[in-house]
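Here is what TrEMBL says about this protein:
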- 67-312: domain 'Bicarbonate transporter-like transmembrane' (DOMAIN)
- 388-431: repeat 'WD' (REPEAT)
- 536-571: repeat 'WD' (REPEAT)
- 67-88: transmembrane segment (TRANSMEM)
- 117-138: transmembrane segment (TRANSMEM)
- 172-191: transmembrane segment (TRANSMEM)
- 197-224: transmembrane segment (TRANSMEM)
- 245-262: transmembrane segment (TRANSMEM)
Amino acid sequence: MCRVWSLPTRSVPGSFTRSIIIPRSLSTTGRCMCSHALFGFFRNETASVQTCPYSTDLLAEVSHCVFPWWAVFATILPAIPYTILVYLEDNITSGLIEKPENNLKKGGPYDYLDTTITAVITLVMSCLGMPWVSAMYIRSFYHLQALSVIEDVYKPYGVFDERFIEVSETRVPGIVLGVLFYCVFFFDRALSVIPEALFYGLLLYMGASLFISDGLFPGIRLIFMDRNLYIDDYRKRVALPLRRINLYTIVQVLLLVVLFFLKSSVNTAVLFPLGLMALIYVRKYTRIHSSLCLFRYILPYIFSKQELNLLDPIKQHSHYDFLVCSSHSFYSSLQMSPPSISIDIQNGDMINDVQLDYYSKLLATCSSDCTIRIYSMNQDVPELLFTLKEHSGPVWKIAWSHPRYGSLLASCSYDGSVKIFKFEDTSYSVVYTYEGHKASVNSVCWSPYEYGACLAAVSSDGSMSCIYQKNEWEWGTTQTMICQLGCNCISWAPFRPGTSENANILRVAIGGGDGYVHIMECGQSVENGWEFESKLRGHKDRVRDVAWSPQIGDSTDVIASCGRSKQVLVWTRKCGKTWKQSLNKSYSEAVWRVNWSVNGCVLVVSYGVDGIDMWKERLDGTWENGTNGSVEKD
């Protein structure tokens, strides 16, 4: 294939392209371009007469040069930085490849075994005059990709990111690659016609693609980006001023430039490994005694600890901390106890709702003390960032919008108002307030992002209001009467693609005080007005919570609801058919909330003081409780 790529350049008359040079034999360096097999490092290209170092013997008259005995020991000094380089490159590559998000299962001793094998092979290669081996990150990353099952994860503005589901961890490709690497000596004539630029272009492409996905490139792009498009760096923007983020990016670029010139110069290239080590102490410091600081750090003089935790979080990496949750059975994963996080609300009242944002980096709580608190989830212990006190009554529910429309947080309160907060500059401020309800507003919920920035709210006065964004500065509202006994909860139906039966039809499920689940629908816009589609009867008292399953790519509609009658109901409707109950579970304690997993496969039920059940529908139509293993039939 490379020979085919080289045809355009070789077919042009008079063109010159440098080809790769394949050595005809193995030696400590390349052979010199003279008639004798002399080592290249004995040649001084600038001298008119070539002589052996440390003697007056002419290179043209001797078959070899004598290397002084003391020079053998002197080479240990320049060898130390190269040893550091190989060690750092091996460990940095291992750390980046074995990140928890890559879902590798084999860790621990395998890293130390790799380092040991690398050291032994390097020693053997040095004695035989063969190329060294090291853990190159670019090549290792693409090797990881080749052995992985990868899925695309949606990001704002149509950008997709890759997530590693599983990796086939084997050493066979590495061994085969090593064998093929040394087979090039048997194909030296065929490879000598390939332009050298092809290999550099391949390496440039691999490096550039990784650089674009790295954290430095988004930071550079953020400097020149319009403020309205700050979505990729959403988690940093909400907690830090833009000038602090740009300052950190500038420091990164300066350090990269220093390393580049350090490596590019022949006189300073030997110090490049020491430059890499110095980066460690730019970020943090090491103490050899409680009263003696060996290295001073630099970044903590410029940025505070909280800023560094957001800009450059240091994760405690341990080879034995990998927690693999396999899906051999439904409740085998539930038997694992994930670490819990406790948040102490100082001088606070009862917490009514807790919501994570789209990236799970921000956590918002609302309580009966009329306060909304926003925490950063980048540390082991959540850090309070903002406290919002805009309501005059208890705040019942909160909801984050999709990041496509900015960092929007909606809230509803006993005071009858709905407020929309937006992050601007350094804090959250109210951008819209709706006070059209005559009683307490009990629930708010954002629509799927495909329908635009649209917020639905229900109130004890029995009405539903829709607040939609007309443009960047203007909001519109509609209000529809639903139930005379009041409405308690609301949930949007998932977006359906254009080929489905319910394509472009907006639908919501509303839990009423009459014990019904009211299903409303409208056309392509909430401005067209809402109409009743169905009323689902099954609860003996008012409905407390309702959740529409986000089943993507399936024409089946599934709704879960819970009520004051201590019941949990699941309603199912196939395409073109009527609604049918598929689960009717009665609890001995009060049931508070129902919610679906991201893929709509697991139903989570909150009941009693601290009870949580997880339900999943089996192939035979029964429902399995993953918490205790019980099975429920309709």
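A Cβ is built for glycine as well, from the same backbone N, Cα and C atoms used for every other residue.
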DSSP-assigned states of the repeat 'WD' (388-431) in counts, ordered helix, strand, coil: 3 helix, 25 strand, 16 coil
Long-range Cβ neighbours of the repeat 'WD' (536-571) (under 8 Å; 6 or more residues past either end): 485-486, 488-494, 496, 500-501, 508-519, 579-596, 598-600, 603, 605, 607, 615, 617, 623
DSSP residue counts for the repeat 'WD' (536-571), split into helix, strand and coil: 0 helix, 20 strand, 16 coil
Mean per-residue pLDDT computed across the repeat 'WD' (388-431): 90
Contacting positions for the repeat 'WD' (388-431) when only residues 6+ beyond its ends and CB under 8 Å are counted: 156-157, 228, 231, 234, 237-238, 241, 349, 352-353, 355-359, 362, 364-374, 437-446, 448-449, 452-453, 455, 457, 459, 465, 467, 469, 475
